[in-house]
Amino acid sequence: DPPPVHDTDGNELRADANYYVLPANRAHGGGLTMAPGHGRRCPLFVSQEADGQRDGLPVRIAPHGGAPSDKIIRLSTDVRISFRAYTTCVQSTEWHIDSELVSGRRHVITGPVRDPSPSGRENAFRIEKYSGAEVHEYKLMACGDSCQDLGVFRDLKGGAWFLGATEPYHVVVFKKAPPA
């Protein structure tokens, strides 16, 4: 099996626990959350808290496809990610990569998949070790038809920071959240 992913306390990430996804460098903002974007109230985009003191919303990470008995989240394996929160959109909070280019980029959004691909892998993500890391630092990848690094970028209007397929990738750590 590939090695497990670890949280900021050095414990293995588990599919039955909640985590905050934080930037490895807190000077670069806070944790991941949901926000409306590009003039639309719904669906909600995966975005980053501007304030480095804010942890964002907790996520649940689970193996993609079926329910394997292994509850440990491992590097380089397909996972599904969803926020553990309620929204005014009354839609799923599971992440997927949007097929539509918004401001020239593919965003990670929540809610229903608008234009499913034949592979149906819009909600497949991977956690990879950050190459320069001595500690438990990682990068996220969207792995639909092919894997793409995920980074944060700013709305053209200078508003929120969104997560999507872009360079440079966003280096993250996982901090265990209290049970919901």
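Indices start at 1 and increase along the chain as displayed.
A Cβ is built for glycine as well, from the same backbone N, Cα and C atoms used for every other residue.
Quick look at what Swiss-Prot annotates:
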| type | residues | note |
| --- | --- | --- |
| DISULFID | CYS42-CYS89 | disulfide bond |
| DISULFID | CYS143-CYS147 | disulfide bond |
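Projection of Swiss-Prot feature records onto the structure.
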residue : record         : DSSP (3 states)
CYS42   : disulfide bond : strand
CYS89   : disulfide bond : coil
CYS143  : disulfide bond : strand
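Of the disulfide-bonded residues CYS42, CYS89, CYS143, CYS147, CYS143 has the largest number of other Cβ atoms within 10 Å of its own Cβ. For the pair CYS42 (disulfide bond) and CYS143 (disulfide bond), the C-alpha distance works out to 24 angstrom. Each residue contributes its Cα atom, and for CYS147 (disulfide bond) and CYS89 (disulfide bond) these two points are 28 Å apart.
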